[in-house]
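Undergrad: Structure below; questions to follow.
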Amino acid sequence: MVSVIILAAGLGTRMNSKIPKVLHKICGKSMIEYVIDVTLGISSDIHIVLFHQNQNIRDYINQIYPNYLLDKFHFHIQMHDKYPGTGGALIVEKWHGQMEQANLQLCSTLIPNNENTEQDQYKTLLPCQGDKIVVINGDTPFVAISDLETLLQDSSDISLGIFHAKNPKGYGRIIQSNTSKDKIYISRIIEDKDCSLEQREISLVNGGIYCFSKEILDRYIPSLKPSNAQNEYYLTDIIALACRDGALVSGHIMEAGNLLGINSRVELANAENIMLDRLRLKAMQQGVTMRIPNSIYIDSSVIFEGECVIENGACITGRSLIKNSHIKAHTVVEDSQVINSDIGPSAHIRPNCKIIDSHIGNFVECKKANLSGVKAGHLSYLGDCTIGEGSNIGAGVITCNYDGKEKHQTIIGKNVFVGSDCQLVAPIEIEDNVLIAAGSTVTKNVKLGSLVIARQKQVNHENGFFRFFSQE
């Protein structure tokens, strides 16, 4: 069995944000979601180590994932003041052989008020079930399941992902003991702030994903000491301790982009650009035509099906489905379904719309709209409404859905022609085969087959122009 430990206890001070670092989003999805999703492919025993704003992160995860997946998660609160660092994140304490542990959803080890002697307490590993334990940072959204499988297939006592960095500043440097055809054997990892001038020139660096045998962690976690410039417990010190005793430690060179960590807003923006390139490439490989792809934004949860064309400047977010449709320039689609339709240019499809076999033209805004076989060519607001097949919505039509307190529904049947500049005051129902004259303000339900004229009668005053200006 494989266990996973996700390290998400960092303060994220360089993000300069009140939002926990791992909850910052890349293409609509938080960093920790990317990590959780990839680790769910290898394990059903996932331990998430938290400290800073731990309740906010737990609440977010509980909201995102269904109950059958939440049963696989175990949350731990790092004793950050006592055991800081990546190694400290794996530590819990025992007193007199008894581990302090809350329920499965929150394994939080508490420090007693009285001071304990070294004989009374000692450090031990988090309660993982697997004989192999993958450790991964919560801010590495690009790690692929194939990367983790590579580490799991290695028979070494410890295996880790490494890469050649163009600028190794900030990364732990890999000290090699030997090399083979497909991997590098490692004797030690030296953190950047502990490197000598000579060691700073090393370009081969630690990627921050590891696979340990549980036996190794059980043996060496109690031996970790904060003997470094940062006065922290380094997970990487386990490698030097294990090598000293003859353990086999191997590194696998991986794609640098997959091991990218994120610590600042600038790095977050760069990461989103990388993710967008991947998402757009995947969509085009699946048959989506994109005009000026670099100008198009899509969230990671967007689904494309069939023949789709996405024009420049389009923005498609949330769990949108675009099927056999044409999204024209500078159109925004948010968390909606667009099927066999053309949208835009410069239309705005707000959340919870379902648009089928329809034409939505420029400067039309839809919100919670269910449209089937509808034409709305220009300059309309269609909110909280259902419109039937064959209906035509003229320019400037507004569904007046808000009365100042509540939102109300507008129901429009089949083959309804709504003339330009009409206001439909909800709640209202307009049955099939209705003609509404331009400029009407409709406040009452309309029966099948009706003609509606709801506007002030026009009055023409002969010579009125001349009389008006002669008064000056």
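Glycine residues also receive a Cβ, built from the backbone N, Cα and C atoms like all the rest.
From TrEMBL, here are the annotated features:
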- H378: active site, proton acceptor (ACT_SITE)
- 7-10, K21, 85-86, G172, E191, N206, N263, R350, K367, Y381, N392: UDP-N-acetyl-alpha-D-glucosamine binding site (BINDING)
- D139, N263: Mg(2+) binding site (BINDING)
- 4-155: domain 'MobA-like NTP transferase' (DOMAIN)
- 1-265: region 'Pyrophosphorylase' (REGION)
- 266-286: region 'Linker' (REGION)
- 287-472: region 'N-acetyltransferase' (REGION)
Undergrad: Consider the binding-site residues K21, T86, E191 and say which one has the Cα lying nearest the Cα of H378 (active site, proton acceptor).
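TA: Closest by Cα: K21.
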Undergrad: Express the predicted model's confidence over the region 'Linker' (266-286) as a mean pLDDT, rounded to an integer.
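TA: Result for the region 'Linker' (266-286): average pLDDT 97.
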Undergrad: Output the one of D139, E191 that, of all these binding-site residues, has the highest number of other Cβ atoms within 10 Å of its Cβ.
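TA: Comparing the binding-site residues D139, E191, the most crowded Cβ belongs to D139.
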Undergrad: Three-state secondary structure of T86 (UDP-N-acetyl-alpha-D-glucosamine binding site) from DSSP?
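TA: In the DSSP reduction, T86 (UDP-N-acetyl-alpha-D-glucosamine binding site) maps to coil.
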Undergrad: Cβ distance under 8 Å to A9 (UDP-N-acetyl-alpha-D-glucosamine binding site), same chain, sequence separation 6 or more: which residues?
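TA: Counting only residues 6 or more apart in sequence, the Cβ neighbours of A9 (UDP-N-acetyl-alpha-D-glucosamine binding site) under 8 Å are V49, L50, F51, H52, N54, Q78, H80, A89.
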Undergrad: Going by DSSP, how much of the region 'Linker' (266-286) is helix, how much is strand and how much is coil, in residues?
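TA: Split into helix, strand and coil, the region 'Linker' (266-286) gives 20 helix, 0 strand, 1 coil.
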Undergrad: Where N263 (UDP-N-acetyl-alpha-D-glucosamine binding site) and D139 (Mg(2+) binding site) are concerned, what is their Cα separation in Å, rounded?
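TA: Checking the Cα atoms of N263 (UDP-N-acetyl-alpha-D-glucosamine binding site) and D139 (Mg(2+) binding site) gives a distance of 8 Å.
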Undergrad: Output the one of K21, H378 that, of all these recorded positions, has the highest number of other Cβ atoms within 10 Å of its Cβ.
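TA: Selected residue: K21.
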Undergrad: Counting across all protein chains shown, how many other Cβ atoms sit within 10 Å of the Cβ of L7 (UDP-N-acetyl-alpha-D-glucosamine binding site)?
TA: 25
Undergrad: Could you state the CA-to-CA distance between T86 (UDP-N-acetyl-alpha-D-glucosamine binding site) and D139 (Mg(2+) binding site) to the nearest Å?
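TA: T86 (UDP-N-acetyl-alpha-D-glucosamine binding site) and D139 (Mg(2+) binding site) have their Cα atoms 13 Å apart.
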Undergrad: Around K367 (UDP-N-acetyl-alpha-D-glucosamine binding site), which residues of its chain at least 6 apart sit with Cβ under 8 Å of its Cβ?
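TA: Long-range Cβ contacts: R350, P351, N352, C353, Y381, L382, G383, D384.
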Undergrad: Can you tell me how far the Cα of K21 (UDP-N-acetyl-alpha-D-glucosamine binding site) sits from the Cα of D139 (Mg(2+) binding site), in Å?
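TA: Cα-Cα, rounded: 8 Å.
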Undergrad: Can you tell me whether DSSP puts K21 (UDP-N-acetyl-alpha-D-glucosamine binding site) in helix, strand or coil?
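TA: K21 (UDP-N-acetyl-alpha-D-glucosamine binding site) sits in a helix per DSSP.
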